[in-house]
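J.: Okay, these came from Swiss-Prot:
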BINDING   G125, T126, K127, G128, K129, T130, T131  ATP binding site
MOD_RES   K238  N6-carboxylysine
Amino acid sequence: MALTLASAADLLKEHHLLREIIQGDVWTDDPARIASADEPFAGITYDTRKVTPGTLLCCKGQFKAEYLNGIDEAGLAAYVAETEYSAATATPGLIVNDARKAMSLLSAAFYGYPQNELTVIGVTGTKGKTTTSYFTQALINAVSGGKAALFSSVDNCLDGHTYVESDLTTPESMDAFRMMREAADNGMKYLVMEVSSQAYKVDRVYGLTFDVAAFLNISPDHISPIEHPTFEDYLYCKRQIIVNAKSLVLGADSLHADLLREDAEAAGIGVTTFALHDADNAGTSADVVAWPADPAHASFHIADGDQALGDYHLSIDGDFNYLNAAAAIAIAHAVGVSLDDADALHAIESVRIAGRMEQFRDPQSNTLAIVDYAHNYASVTALLDFVYERWGEENPRITLVTGSAGNKAYDRRKEIVEAAENRIANFIFTAEDTDTEPIIDICMEMQGYITNKDVVSTVISDRLTAITNAIYDARAHADRFNILLIIGKGNERWIKDHRKHVPFDGDDHVVERMFGL
């Protein structure tokens, strides 16, 4: 059914969001008093620059009346907002208590509730969301004939095989429902999507129920005035995925796992757990468990209870990725994938993600470069754990090339330093994404957190120069085994600066070019 002003008003009333409808001097609760109430909207947008004849505009966030200049001439049909703009437009306004919640509900309705045509899987956690999501999509694609779509912080995939770079971990609600509609129209039957804490903080997934929610882990992150004021708020927002799910897959070793189980019990949903053990039966009890198959940790056994699921050798290094693999298998099983389908389960082995644990060897020196998205205490610690487990006996000289995001997650700056300073030889602080905060200020702040007098630190604000200098420095110490950890940006081809995406080669391409690969 097409979305009209009348049906939009009814939907908003149902969710106790509609305050009134205003058009000029008409203030009403009855859409029948508006002449155009039964005319279907031709489009929906939250960007005034994209308004065309028949469009419903959602005014959210820091919306300003001046954005409406010339909007009637563009063909605006109606708007949704928390305040009325009768002085700027002659079109009717649906005045609501919460514009973001309203936008999510109306977007779902406009696109014909595409989530009802998909089995929707939500993946949240402080670390591992992207890798787990890719593993899950690969596994489900293997059994469904490529019918799994993906929304991730790296790429979106709406047809099971074509990947396009994404902008947000969880898209704006309107974009999410538009992409769901496209995925469903492309014949997709499943959707795997990363769900950030901000998605619940700002209602990007309001009204969406997940067939399966995966809660991987939790540790402090995203604490800042513009994200979450406290860890409690961060965790509370993350927990909302459980309230809005039909089934939960839970990391058995997650902090506050007991609280998360209580949430699931209160919601009346079942829980499937997963865990990583040091050896068979040497760890927290869980339904799906991974543990090393050999002393070198080159492959891992995975089992579901008493059912052995085989040995796995992933294309992405790191023991923690076998934990992500166990999570993906638990998720797939929760949506009905048979654990007897060995070919499907082993589809995770071939998954590679650009910018995730990518390794490059320098032909000119004994240097290994690892490009990864690690960007907080937990992920930097996990990365260094992997390095020491794999190469610790070779006494590597480790250089960390890092920055930290501007204008948010301020605690990360100190935490990255704390995670690394007693385990590396050198820091090179450099550019990462920022809005208005100067890159050099962020780098200097991070340098100021160093307490280990033996670690060397340098600030090189230009990221290309920072990576280049790290490589030249490693070559100058060719008598040592050098490991360069270049973190935070992965394969992203831009750096955000003053709200603009400035073109950048990508850490992986810079390393490949310097190494002559």
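Count begins at 1; order follows the chain as displayed.
Placed from the backbone N, Cα and C atoms, the Cβ positions cover glycine too.
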J.: Around the residue listed as 'N6-carboxylysine', which of the listed binding-site residues (G125, T126, T130) come within 10 Å, judging by Cα atoms?
T.: G125, T126
J.: Residues near the ATP site, G125, T126, K127, G128, K129, T130, T131 excluded, by Cβ within 8 Å of the Cβ center?
T.: V123, T132, L216, N217, N324
J.: Work through the binding-site residues one by one (T130, T131) and point out the residue whose CB has the fewest other CB atoms within 10 angstroms.
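T.: Selected from the binding-site residues T130, T131 on minimum Cβ neighbours within 10 Å: T130.
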J.: Tell me the Cβ contacts of T126 (ATP binding site) under 8 Å, same chain only and six or more apart in sequence, or just say none.
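T.: Listed in sequence order, they are L216, N217, I218, S219, D221, N376, A378.
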J.: Return the residues near G128 (ATP binding site), defined as same-chain residues 6+ apart in sequence whose C-beta is under 8 angstroms from its C-beta, sorted by sequence, else 'none'.
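T.: Set apart from G128 (ATP binding site) by at least 6 residues yet with Cβ under 8 Å, we have L216, N217, F320, L323, N324, A327.
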J.: Sequence gap of 6 or more, Cβ distance under 8 Å: name the residues on the same chain that satisfy this around K127 (ATP binding site), in order along the sequence.
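T.: Spatial neighbours, sequence-distant, of K127 (ATP binding site): L216, N217, S219, F320, N376, A378, S379, A382.
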J.: Hey, does DSSP put T130 (ATP binding site) in a helix, a strand, or just coil?
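T.: Its secondary structure by DSSP: helix.
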